[in-house]
Amino acid sequence: MSHILVNVAWPYANGPRHIGHVAGFGVPSDVYARYERMKGNDVLMVSGTDEHGTPILVEADKEGVSAQELANRYNRVIAKDLCDLGLSYDLFTRTTTGNHEKVVQELFKQCLENGYIYKGTQKVAISPSTGRTLPDRYIEGTCPICGADGARGDQCDACGNELDPDELLNPVSKINGETPRFEETEHFFLDLPALAEANLAWLKTREGWRTNVINFSIGLFKEVKPRAITRDIDWGIPVPVKGWIDNPNKKLYVWFDAVIGYLSASIEWARRKGDPEAWRAWWNDPTTPGYYFMGKDNITFHSQIWPSEMLAYNGQGSKGGETGKLGPLNMPEQVVASEFMTMEGKKFSSSRGIVIYVKDILARYPVDAVRYYISVAGPESSDSDFTWAEFVRHNNEELAASWGNLVNRVANLINKNFGEIPAFDEASATDEDRALLAETKAAFETVGGLIENHRQKNALSEAMRVVGDINKYISATEPWKIKDNPARLGTVLHTAAQAVSDANHLLAPFLPHSAQKVWEALGGTGVFSPLPRLEEVEDLDKPGFTYPIITGDYKLGETVHPWASEPIVAGTSVPKPHPIFAKIPPEAVEEELARFDAELKARREAEAARLAAEKAKLEG
């Protein structure tokens, strides 16, 4: 058994998450974690809501509520959505916990002591009309690197590069469209140049990374500059330095603190299970690999910023230094970044109404239909497009007509003819029977190898190819025509049931909800595919502060079945089956497109009205 760390990108708590988000960080990470657990490995899968920084302030200002109120609301919304999607976190928490603040400040202080954090000045944007500092994400303009419009003051989504507001061309305020002025202010900086040699050397040892990820990551080191890790903002983690700790308008930069969340969540998980040092097996043991799942817009922070923070904390940059009490921290084994998903040919945008939220699609369609579509058509290594027509087609042709129908046919034939799993009669067995069982057993290595190499689309395609071959076997053997030969009929149906069971194991990481139903359709009892749960907890360091976490019980041999062919048992009662998957009516496509157009129009009108009101206020 090996320890496997699965770190999942932290969604901003500034609104509900949409399908484009979970296609990048959510479902792929869960498929991988579920597979590794079935392999017998000890997986720790962590994440949480990212609740500091300007995205929260921007939305809170729009709604006229405090940043904490907004974070509290969307922490609950997001946690429920991700739990409903079946994402099997060991701990999904948040960045406003006392535990997270302590861990972040510990890393800052050690990096400062080691000489990798220093004080300097930086230009900040000021609103001419109010005199207020405008945080990074309140500023938009043209990217100086790729020329894309709509780049933010902290990052360009088009090219993925990190930016400072004063680097933007033609910068304007998102609040009211005015042009900001820039003034020098004091900040702390992370000395990335002093860490670049060690960071790049580590990157060049990486094997098996997606080509786009490793090439982009290495390209970040063509020109490395120090980055400010504090901001003129009143919402965030206090800077743990005398003269700064009590300053209400100086906080740590959200991206310095957010990536530390993987470590702080692991520590919180260990504290909550009553073994405060248990996290070290995943972070201090150099043989333990850590896999980071995200969208491609977060590559910079996981292949440069977070590794640099760890190198600085470990004292492994050009200035040397001591390892902090939490270290030495393991560098990432792999950064698994997906490309972007669009919707009906348009870029996802909540503000513009180009969106389908997780909670909405799960309210109208089965969860595994959603997971299946994300897995089969998601942006694994190239951009992909969510279309309602393809969503319905994949569900109807592949889940309902192929896989679901196969399960029902086999279970129904067994129930009607035997009422239980029939025996496999060697005397009546044929090469055709043995070939099918050999194929399904061999598929574990093939499908598993593809998942391990983060080629989940191919893995799912291979599993569904096996499903197709089982269907062909049923058609070729025609069990409904051999009822007068009980021994042969029993052997065919035993073979089919074993093959279906094997296919269910192969599909379980992708389709955990229906995998449980298939298990029960073949007479299985107990938990086959464990699902996560929400728990309301109290903060470990801030009495009275409560919030929901996602957690679960995922134990091999108890709630997790192995990544292997488990022999079915003759004599197991098989009940009358019920449909596993239902077809979605074809007219749903037009209904969804009409809903999409109506919501798009309404959101555009609302945003235009808001901007007009802001402009009128400014001019008045």
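Placed from the backbone N, Cα and C atoms, the Cβ positions cover glycine too.
Keep in mind the model is a prediction, meaning the values are calculated, not measured.
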Name the residue range among 11-21, 121-131, 451-461 that Swiss-Prot annotates as motif ''HIGH' region'.
-> 11-21
Swiss-Prot feature motif ''KMSKS' region', matched against 322-326, 347-351, 377-381, 512-516, maps to 347-351
Among the binding-site residues listed as Cys143, Cys146, Cys156, Cys159, the Cα nearest the Cα of Ser350 (ATP binding site) belongs to Cys156
Does Cys156 (Zn(2+) binding site) have same-chain partners at least 6 apart in sequence with Cβ under 8 Å from its own Cβ, and which are they?
-> Cys143, Ile145, Cys146, Ala148, Leu163
Using a 10 angstroms cut-off on Cβ to Cβ distances, just flag whichever of Cys143, Cys146, Cys159 is the loneliest among these binding-site residues.
-> Cys146
Tell me, what is the mean pLDDT of the motif ''HIGH' region' (11-21)?
-> 94
According to DSSP, folded down to helix, strand and coil, what is Cys146 (Zn(2+) binding site)?
-> coil
Taking the Cβ of Ser350 (ATP binding site) as the centre, how many other Cβ atoms fall within a 10 Å radius?
-> 17
Compute the centroid of the Cβ atoms of Cys143, Cys146, Cys156, Cys159, then list the same-chain residues not in that set whose Cβ lies within 8 Å of it, in sequence order, for the Zn(2+) site.
-> Pro144, Ile145, Gly147, Ala148, Ala151, Asp157, Ala158, Gly160, Asn161, Leu163
DSSP state at Cys156 (Zn(2+) binding site), helix/strand/coil | coil
